[in-house]
Amino acid sequence: MLMSEAVESMQAVRSEATAYPPRSVGWYAVFVLALLYLVSILDRFIITLLVDPIKRDLGISDVQFGMLHGLAFALTFSLFGLILGTLADRFSRRWVIFAGVAVWSLATAACGLAQRFWHMLVARVGVGVGEAALNPCATSMITDLFPRERLTTAMAIYGLGATLGSGCAYFFGGVIVDLVAHTETIVVPVLGTMRSWQAVFLIVGLPGLLLGFLIFTLPEPVRRGLRSAGQSLSWSKAYGDLLKFIGQRQRFFLCHYTAFAFASAVVAGCGTWYPAHMGRTFAWGPSQIGLALGVTLTTAGIASQVIGGRAIDAMFRRGVRDAQLRWYAGCMLVATPAGIVAMTSTNPWIFLACLCLFLTAVSSLPTCASTALNLVTPNELRGTGIAFFSGTAGLIGAAAGPMLIAVFAEMFFTGAEGRGIGFGMATLIAICCPLGAVFLALGFRAMREAVADAERWAN
């Protein structure tokens, strides 16, 4: 079935002039994909609210927890993305997404069965494997459903899934943790007695199995923007063709990958440690942390995606072909002082106000990074290209960020009376955000040239 759908999709190749589907079809697809993105982020980040009970019961350190949330997830997410991205370019994207949703949902639930560090490590690897399927397929589908001048807004709405997922992870996770924390253990049918934090993983993980079926209510879009009508299904050529394409546009890809690696380190690293920092610095409980972070993340994320998406599309319509890079370079410059003040403040209200500004600046990361890549990459390489980006910038950034913060805290801020993690986050922001903005600026001209090339062969 996978191969037959893929062949039908390849045979349906049309030019850019072919009419796009009705807007209602495109926006419904974006809604479903954003919902699945929300679920994936919820399953990915719920662990950050459970730092202290997991450390206590499994007997692990901050650095080991950083491995669970950062390295174990990011390594498999990136490496399996290389395989699943190739699948996205060659087979039915709907089936690849469905399989991924099933795997990450079961793996999230399996985190609730962990009794030792290595049990949790294996389960987090499974979450990374499953979630690696979504972005290459989803961004490829969205690019085939919307014209270029409306693409960033569509990607931004899809990106809201990540924003709302983070907010839900903190808000509902905090409520769930408080509800079950009144008893040290609870009895779950079939599974028996388990810790309260283990039950949280089961509660958030298992519903994803049912939501995965929504992907079959979407059509498989016609593949647009192919450089030739005869796309090869050869696995052996996939990364050879991609590397050749990257080699022809070295400056753009070097600047793009490096800049967004720095940004990923900041977003993933700080996202891991917000709850622990707030609990240690402000002595807040899980429900207070969840409510504050949920509201802040959701408000800032919606503002970032909606304003950013519309502004970038308006710039693109006016002929600014490097709009995605220009916008995010400015965002990183705004994020630097806001983030440093937030992470070093002992006043919770100053922290939340500056955190809101910081998150408004950085939350458009996936939208800007993915849209810029898809605008310059031919259809037959888009899934592979997004996966390759995740396997390089994503691996370096998302894996290193959480661990670097813990390392900074333990090496340089051990006498900070519980505020070491906050200073570690501020250090990472001070280093990575300005460097990211510099590399984005170095890539402006290269992106303009790459987009012009893509428009020529697409038409």
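Backbone N, Cα and C atoms are what each Cβ position is placed from, and that goes for glycine too.
Features reported for this protein in TrEMBL:
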- 29-448: domain 'Major facilitator superfamily (MFS) profile' (DOMAIN)
- 25-51: transmembrane segment (TRANSMEM)
- 63-83: transmembrane segment (TRANSMEM)
- 95-114: transmembrane segment (TRANSMEM)
- 155-177: transmembrane segment (TRANSMEM)
- 197-218: transmembrane segment (TRANSMEM)
- 252-276: transmembrane segment (TRANSMEM)
- 282-304: transmembrane segment (TRANSMEM)
- 325-343: transmembrane segment (TRANSMEM)
- 349-373: transmembrane segment (TRANSMEM)
- 385-409: transmembrane segment (TRANSMEM)
- 421-442: transmembrane segment (TRANSMEM)
Lying 6 or more residues past either end of the transmembrane segment (349-373) yet within Cβ distance under 8 Å of it, the residues of that chain are 135, 139, 151-152, 155-156, 158-159, 162-163, 256, 260, 263-264, 266-267, 274, 278, 281-282, 292, 296-297, 299-301, 303-305, 308-309, 312, 324-325, 327-328, 331-332, 334-335, 338-339, 341-343, 382, 385-386, 389, 393, 429, 447
Handout entry: CB contact flag for the transmembrane segment (63-83) and the transmembrane segment (25-51), at least three pairs under 8 A
Key = yes
Outside the transmembrane segment (282-304), at least 6 residues beyond either end, the same-chain residues with a Cβ under 8 Å of its Cβ set are 49, 160, 162-164, 166-175, 177-178, 181, 274-275, 331, 348, 351-352, 355-364
Answer key: the stretch among 155-177, 197-218, 325-343, 385-409 with most Cβ pairs under 8 A to the transmembrane segment (25-51) is 155-177
Outside the transmembrane segment (252-276), at least 6 residues beyond either end, the same-chain residues with a Cβ under 8 Å of its Cβ set are 45, 48-49, 51-52, 66, 69-70, 74, 166, 170, 246, 286, 289-290, 293, 325, 328-329, 332, 335, 339, 343, 355, 362-363, 365, 368-369, 372-373, 376, 389, 392-394, 396-398, 400-402, 404-406, 421, 424-425, 428-429, 432-433, 435-440, 442-443, 446-447, 449-450
Near the transmembrane segment (325-343) in space but 6 or more residues beyond its ends, with Cβ under 8 Å, are 255-256, 259, 263, 266, 270, 277, 304, 308, 311-312, 315, 350-351, 354-355, 357-358, 361-362, 364-365, 368-369, 372, 422-423, 425-426, 429-430, 433-434, 436-437, 440-441, 443-444, 447
Mean per-residue pLDDT in the domain 'Major facilitator superfamily (MFS) profile' (29-448) works out to 86
